[in-house]
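All remarks here apply to the structure that follows.
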């Protein structure tokens, strides 16, 4: 909180001294019809110039900050379990419930449908009820979905009619027909509960995928924000691997119950962590904002500078917003929106979801063991993501994205060449192992950047007044493109395996150019400074 000493400190006095001058400048600019985004950048820069020494809160990593992050990433573990659930349980569910391939495909796709629906409202919900309540809501829905799947009844088996039904009494034939109609209705209801549960999980995943990234970005100091945000992707991969390996040991019902455990842990743990300080100041809860920021930074930390920066930034941008969805398309946000949407488009059309969903299909086409291949993918992904957690705040987002894009581009080129040679019946002896190595390389390079960094940047680059609407638009783009790629991959692969990978390689090549030209480096920059500079860039460009 602000104390008497902090109010009388030089930085705070300087801000008060120049407040009237800035208000006069703003009025002058607005009368002239000019954008106020350049003034916002000046305000943030001025505060930074008065306080150019590193604040004690900039580098403080407290126990509560770590605990809050761990609670938030419980949702990411649940998301990983949801994504990895459908692969190991396919045969078990189809046999126990008597589902056809088409019915099981519908069950699997309900996760994407739920995610698409959530993407339309996740930003609005997060801004309306707060980050904590949104995480709570997402896990309530996901837990209900897991229970719906786990409690789905085994269908009643219809009775076959005898070879000579005319020999049976009419009353027996009537009862037989009645029983079969009843079985048909029960089986349809069972399938509905299964699909509804998967859709609820998908809706929860759609909320979690957005709010966890935003919450972590808003509570962490700038010098460790990248590492904490990357840890989110690491835990998502842990959930995916957990579901895959345990799914080969336990039944599909037991795996559904296990998949709900991280969500239940998060539901109860949310009571012990603070709300996002930036959301609190956005909704005008000043006292709660200062208390939450002080708890996160430590009792002895001086938060006056950081609190002032956040307050001035939020109030200035809120004055420029009229709470309309169209605000996100203003010119001052064009750069941020281009980066957010562009990275999601390039991520998906570069094959990230296609490789995740259909790696086993690619292994099978190359005559390589699918069990060895998919397990190897799960194993190599973990250390790659662990390295990303370490490097995100040291190397920076932009260099990692460039290395990642170049790596996946090269991997796709090699895969295209290998399948082209396979079509010519050349290199038959070495093609399977080379395809295996190329796929592993793709997953390693994707884990370094293209898989998780677009989400981290999405949580960093949008100002608080449009973050909810922009986040909804970006996540909807992600889920839409993911569905398009996952739906069309099998058709493309059947049309031409080499052509499919060459297309992915071309998109990944574009990602390199996109990163160099447009993606900002956010390492070590305060959210207020970063977002104000991006808005200023858009206004003058």
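Using N, Cα and C of the backbone, Cβ positions are placed for all residues, glycine too.
TrEMBL annotations: computationally assigned, not manually curated.
For the ranges 297-318, 495-516, the feature annotated in TrEMBL as transmembrane segment maps to 495-516.
The range from 171-189, 228-246 that TrEMBL describes as transmembrane segment is residues 228-246.
Which of 40-62, 63-85 counts as transmembrane segment depends on TrEMBL, and there it is 63-85. Here the transmembrane segment (63-85) sits apart from the transmembrane segment (399-421); fewer than 3 CB pairs are under 8 Å, leaving out pairs fewer than 6 apart in sequence. Of the Cβ pairs linking the transmembrane segment (134-152) with the transmembrane segment (252-273) and spaced 6 or more residues apart, 3 or more are under 8 Å, so the two regions touch. When averaged over the domain 'Major facilitator superfamily (MFS) profile' (68-523), pLDDT in the model lands at 84.
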